[in-house]
Amino acid sequence: MITIEKQEEFLKKLIGYRRELHKHPELSMKEYETTKRIKRWLYENDIKVLDFPIEVGVVAEIEGEHEGKTVAIRADIDALPIEEKTELPFSSVNKGIMHACGHDFHTAAILGTAIILSKRKAEIYGRVRIIFQPGEETGKGSQYIIEEGVLRDVDCIFGMHNKPDLPVGTIGIRSGELMASVDRFEIKVIGSGGHAGIPNKCIDPIVVASQIVASMQTVVSRSISPIESVVISITRFNSGTTWNVISDSAEMEGTVRTFNNNIREEIRNLMERTAKGIARALGGKIEFKWFSYSPVLENDVRFKDLCIEAAEDNGYKYVEAKRNLGGEDFSFYQTVVPSFFVWMGVDGTEEWHKANYNLKEDALMVAANYFSDLALKVLSKK
Ligand SMILES: [Zn+2]
Ligand SMILES: [Zn+2]
């Protein structure tokens, strides 16, 4: 940990980075200017950038003075298609795009971690790879990083998400599942349209689709073990063009979340079977499409004590983290290397993805200190 006076100065620098990122947000996999900014700041701080064939995102590395393992720390860098309403002096200048999930915070804080570690090479047994990952919000960025070989010689990886309901200086830690798996589905009901006054000559897709919506809730309550947490949400329902014509088809779309990877396939099959059965009974047909997104984010129990120590040794508070049914593409890394993901308290103004989202910038220092200490602990001599 650096001294108090130096911390204040350092925090100002990190706030500067965060505000510049916040002002210039970019959408997933289009983070070209953000990539340039991060590279520039790394060069200014004498930190090595590794040469991977990635167009967006940056991989940096701090090589220790002693032999040892490779630990990776990941920050995501993308923003969302939301029109900012905070009226902060450093509000987004990119219309309709906003850092409403706090990835500007993650990037600036982990840049801070890299700077601290670059000054402590004598204590590092091995190396720390810093991954500034693009495209988290669309769930594709971590796979892009994995496919480009960035994790090939990495022994373990750590990450965080800012957490608005935890105060600054508090870190939420939990082994096992922390965030849900994310899958998307589309159901098209094909009926047979006609005159609204003569429904007996039609197969009304809205009636069929409505029964499917109601039955999806029964899939959870009657067909999946009550011990499991499962959410099926139908978030889009479209059919028809006017008041006196029964339409030909209806379309629905939604998402399934669970904390158990093993039941994702079972839910998919149950949903498809239920939708098909209802359509068949009413004379209609179904097209069912399933898109798998990220698996359950599940922390490796072996790192829990170390993650708690890194909090407590620096005077921060550890709380047992609560699970969240949001998704996080960090979970793809967990399919490749052992890992741990924590909640970083930021005392946010409201929930993520809101047009007024803001957080307390003091947390930048906490996160920068926390991850540098955690990396040193993992790479200590013992
Ligand atoms: Zn988000
Ligand atoms: Zn996020």
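Backbone N, Cα and C atoms are what each Cβ position is placed from, and that goes for glycine too.
Whatever TrEMBL says is automated annotation, not expert-curated.
What TrEMBL lists as Mn(2+) binding site is Cys101, His103, Glu137, His161, His353. Within the same chain, residues at least six positions away from His103 (Mn(2+) binding site) with a Cβ under 8 Å of its Cβ are Ala75, Asp76, Ile77, Asp78, Ala79, Glu136.
The predicted model assigns the domain 'Peptidase M20 dimerisation' (184-276) a mean pLDDT of 94. Per TrEMBL, domain 'Peptidase M20 dimerisation' is recorded for 184-276.
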Entry from the binding-site residues list His161, His353 having the most other CB atoms no farther than 10 A: His161
Among His103, Glu137, His161, the binding-site residues whose C-beta sits under 6 Å from ligand 1: Glu137
Remaining residues near the recorded Mn(2+) site, that is with C-beta within 8 Å of the centroid of the site residues Cys101, His103, Glu137, His161, His353: Asp76, Asp78, Leu80, Ala100, Gly102, Glu136, Trp352
Cβ-Cβ neighbours of Glu137 (Mn(2+) binding site) (radius 10 Å): 21
Distance-selected binding-site residues near ligand 2 (C-beta under 6 Å), from Cys101, Glu137, His353: Cys101
